[in-house]
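Below is one structure, written out as structure tokens, with a few remarks after it.
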Amino acid sequence: MVEHYSVLHREVLEFTKDLKEGYFIDATVGGGGHSYLILKQNPKLKIIGVDKDDYALEVAKERLKDFEGRFSLVKSSFKDIDKIVKDLDVNPVVGILFDFGVSHFQLKLPRGFSFQREEPLDMRMDTSSELTAYYVVNYYPESRLFNIISKYGEEKFAKRIAKNIVEYRKKKKIETTKELADIVYRSYPPNLRHSRIHPATKTFQAIRIEVNNELLEIEEALEKAIHIVSKEGIIITISFHSLEDRIVKNTFKKYKELKFLDILTKKPITPKEDEIRENPASRSAKMRVARRL
């Protein structure tokens with residue numbers, strides 16, 4: 001049984017309730033939360049769950065065991081969605097879901113996604129990939145750190161943070177999340193250190209995006225998804241920061257103008273107050289939905 005509900009789960013179910021028989025691709029299956037609810041609601045659907053995280057796939061397999069024969073799990077990046085569809089020979093694809101957030105259980109694993117605990121600086125979603133957060137913070141030049149933190153984190157104190165990271169690592173390597181979070185914390189002016197959002201949030205986001213090449217993968221995957229989904233099929237995206245949301249918005253707009261898509265969400269859907277109370281991490285989520293013409 002699902003131990004917690006995935007972000008915007010009610011809204012996902014609303015948009016998927018009328019899907020016809022076929023395959024639904026959960027391109028970021030995580031622990032299988034959305035997939036579980038979709039399979040339960042839609043007895044004629046089969047799900048292909050994709051994730052690059054081995055542990056996520058283990059959790060999803062256990063969670064979806066009641067639906068044996070109606071789901072397949074694939075270890076892959078969602079940017080390879082076209083190859084997955086071809087290899088598994090799935091047709092028609094009536095829906096595709098992208099949830100770009102970090103799974104709650106990934107935050108619990110000691111992989112450096114969270115600055116709430118002392119953990120090694122890793123941040124890889126695919127633990128077999130080479131680039132780690134440790135390498136980024138200890139070996140990237142100051143100018144590159146500034147660019148990443150400024151662009152991917154939209155952090156106004158990026159220059160100061162990059163400078164302080166480089167100063168600190170001259171004395172010793174930055175090995176843990178706590179060390180990095182403390183450097184960022186001290187880079188903020190004292191009067192801004194105690195706001196609702198921790199000063200390290202944007203920097204951690206930026207480094208995670210760099211390590212996992214997230215934005216380029218989102219762009220590539222969306223382009224492919226639009227050509228994979230069948231006519232009348234839907235694409236649902238859940239973004240957690242403005243850079244992701246902007247990519248989705250611009251891609252949907254481009255394909256609407258090309259008469260490929262009908263955008264079903266004129267403005268992004270955000271979580272209701274009760275969901276935010278239950279799951280504060282959902283606060284920044286934005287959902288956009290489009291239908292293939």
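Each residue, glycine too, has its Cβ placed from N, Cα and C.
Among the features that Swiss-Prot reports, S-adenosyl-L-methionine binding site is placed at G32, G33, H34, D51, F78, D99, Q106, with the record citing sequence analysis. Among the features that Swiss-Prot reports, region 'Disordered' is placed at 274-293.
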Query raised in the report: For the binding-site residues G32, G33, which Cβ has the most other Cβ atoms within 10 Å, all shown protein chains included?
Result: G32
Report task. State the three-class DSSP label for D51 (S-adenosyl-L-methionine binding site), counting H, G and I as helix, E and B as strand, and everything else as coil. Result -> strand
**Report entry** CB contacts for H34 (S-adenosyl-L-methionine binding site) [other CB atoms within 10 A, all chains]
**Finding:** 28
Query raised in the report: If one looks at the chain holding F78 (S-adenosyl-L-methionine binding site), which residues at least 6 apart in sequence have a CB under 8 angstroms from its CB?
Result: A27, T28, V50, F98, E217, A221
Report summary line: Counting every protein chain shown, other Cβ atoms within 10 Å of the Cβ of D51 (S-adenosyl-L-methionine binding site) number 26
**Report entry** Close in space, distant in sequence - D99 (S-adenosyl-L-methionine binding site), Cβ under 8 Å, 6 or more apart
**Finding:** S6, V7, T28, G30, H34, T237, I238
Query - Collapsed DSSP category at H34 (S-adenosyl-L-methionine binding site) - result: helix
Report summary line: DSSP says D99 (S-adenosyl-L-methionine binding site), in three-state terms, is strand
